[in-house]
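Each remark here refers to the structure printed beneath this line.
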């Protein structure tokens, strides 16, 4: 602490202990770790003798901006929410349920301490709102750097089931998705190129908010596993790119129905109109929706939250990939729509 | 890939997939994950139904330099080794055995791709050399940023034992340590203020190397747990500061023997002489040795690797802390020796 603290202290004014004393109380009340923060490591239950683990870093300027061209200002809670949501989505995509996370923050000294409080609140809000009540925030690490970054590592339980991999899709399976397609990309375009945030109507604000606070359908992953999904993955880099990955991993082609894709695009007509953009490009190439792409065996009843968007066909000697209405699609063809 | 790749490609020339294709083969052959890298998440065994977890970020300019004032150049392997070692030490400090790690790398585009290969090799070297053969590198994340940083999250197994906490030391216990005291600080002083690295003799080089590649005694943590240690923690911020934490967590005072501390200081007489430094300050205040500080009940036989350095006495109405030869020590008094 400096001799004359400002009313709004900055990270550089506080010791690591003082910062942790602000943060830890905000993380209480989630889940029930065997041992929570404060020792050299935390201990979390892994009831079926296995633990699912995934890690992901968000860096300012690369993965998010604090101030966007349209005037929207990402709050600490937005950044915390998104960091939690992205990682929870990876656990969801294995058909698993999150049990805990640890968080490593790198903070420039001029960061306001309340922004960090807010980030902790955003993590907790996401865990509660998205439906991961068994997920505790069990510990973390604070460090300084010139660039703000947040690394979340999340653990999960398969609850006795096998993990649902990308490699299990078979010809004849139904291709289905849970969650949004293209909304996060529409939101990103509005943040980068749209009218000022304050002037946006509710539907456009909602797209912006969805980009900043994605909403992975956390009930859908375990439901897909229970329903016998043959393959499952997180939709983070766009439907064609992720579909290509799943198709190659399985050695099959995911043949997507054009009408379902166009119906999805129609949902984005308002932001597309404002920006003069092609909403189908968002549906096919937009990332960060954090929905699920799944394949289900032919006779399956799709679990709640999933909608069919195509079918799995043989790779016909190729490495597998993705097609739209029977025509092979080039995921790289949509790269100019990517960030 | 650019149209005219350089002979030594940089991170900015490669896609994430191309980088991962270089890295993953280097990580093979460690441990035996249930599911390794390549899907949305990895799956690691947690045989006793619990998992120990810790996370830590190293940031260039804060936690390491690529080029030090004495001319030493940190290799990617140094940075990978240290990132692995620090995290393995946290698992060790719970009395646990590492089972897996995930790694998130943030890389400036101008980073040479071979430097990243080297970092992966350093992770593997540390895991092998330090003695964590059951620890797999199960996955990770690659992103770009303006500042190089490495976040490792490590998982471990308690093998059916309770975790050994900081809070269990009781009056009458023996205070013991495993590993070095002050060597990493001596190495850091040489890096920052010493003669050119190329001019150093073997003992001084060894101190520099120990700072860059710390050597946590990974057999000692589980051995302490098996021997009934009442408290255990990683020595990362200096003996007095970490001793104060353990003392406060346990509500006792760790009373350290002056002769044992002076004997440790005597081992650092050569770097101290070169730098005109007080080696006792390194022993008491120097961080990053990643040894273990432990308390053992009175009748215990200390396990291999531990040496007694004091005894636990009552806190006498205070919050607990650390003392030297019966005189309360102020951990903050050594702060001017810290970085």
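In case you wondered, yes, glycine gets a Cβ from its N, Cα and C as well.
What you are looking at is a predicted structure, and each value in this text was computed from that prediction instead of being measured.
Confidence for the domain 'PurM-like N-terminal' (A:38-157), expressed as mean pLDDT, is 96. For A:38-157, the entry in TrEMBL reads domain 'PurM-like N-terminal'.
Feature annotation from TrEMBL assigns Mg(2+) 3 binding site to A:40, A:90, A:234. All chains included, 25 other C-beta atoms sit within 10 angstroms of the C-beta of residue A:40 (Mg(2+) 3 binding site). Secondary structure at residue A:40 (Mg(2+) 3 binding site), as computed by DSSP, is coil.
Under the heading Mg(2+) 4 binding site, TrEMBL lists A:40, A:54, A:90.
Other Cβ atoms within 10 Å of the Cβ of residue A:56 (Mg(2+) 1 binding site) number 23 in total over all chains. Marked as Mg(2+) 1 binding site by TrEMBL: A:55, A:56, A:141.
Among the features that TrEMBL reports, Mg(2+) 2 binding site is placed at A:56, A:90. Sequence-distant neighbours of residue A:90 (Mg(2+) 3 binding site) (same chain, six or more apart, CB under 8 Å from its CB) are A:54, A:56, A:154, A:234, listed in sequence order.
Sequence annotations record features per position, and here TrEMBL assigns substrate binding site to A:63, A:288, A:334. Cβ environment of residue A:288 (substrate binding site): A:86, A:184, A:185, A:188, A:211, A:214, A:236 lie under 8 Å away, each six or more residues apart in the same chain.
For the recorded site, residue A:141 (Mg(2+) 1 binding site), the DSSP three-state label reads strand. Same-chain residues at least 6 positions away in sequence with a Cβ under 8 Å from that of residue A:141 (Mg(2+) 1 binding site) are, in sequence order, A:102, A:103, A:104, A:105. Look at TrEMBL and you will find A:140, A:141, A:166, A:236 tagged as ATP binding site.
Summarising the annotation, TrEMBL assigns Mg(2+) 5 binding site to A:237. Around residue A:237 (Mg(2+) 5 binding site), the same-chain residues at least 6 positions away in sequence with a Cβ under 8 Å from its Cβ are A:287.
Residue with the densest Cβ environment among the binding-site residues A:54, A:55, A:236: A:54, by other Cβ atoms within 10 Å.
Recorded residues residue A:166 (ATP binding site) and residue A:40 (Mg(2+) 3 binding site) have their alpha carbons 35 Å apart, per Cα-Cα distance. In sequence order there is nothing to list, since none of the binding-site residues A:236, A:237, A:288 has a CB under 8 Å from a CB of chain B. Taking the Cα atom of each, residue A:40 (Mg(2+) 3 binding site) and residue A:140 (ATP binding site) are about 10 angstrom apart. Residue A:140 (ATP binding site) and residue A:63 (substrate binding site) have their C-alpha atoms 20 Å apart, to the nearest angstrom. Between the candidate binding-site residues, A:63, A:234, the densest Cβ environment within 10 Å is the one around A:234. Around residue A:166 (ATP binding site), taking its Cβ as the centre, 22 other Cβ atoms fall within 10 Å, counting all chains.
Between the CA atoms of residue A:55 (Mg(2+) 1 binding site) and residue A:63 (substrate binding site) there is a gap of 15 Å, rounded to the nearest whole number. For residue A:140 (ATP binding site), the number of other Cβ atoms no farther than 10 Å from its own Cβ, over all displayed protein chains, is 27.
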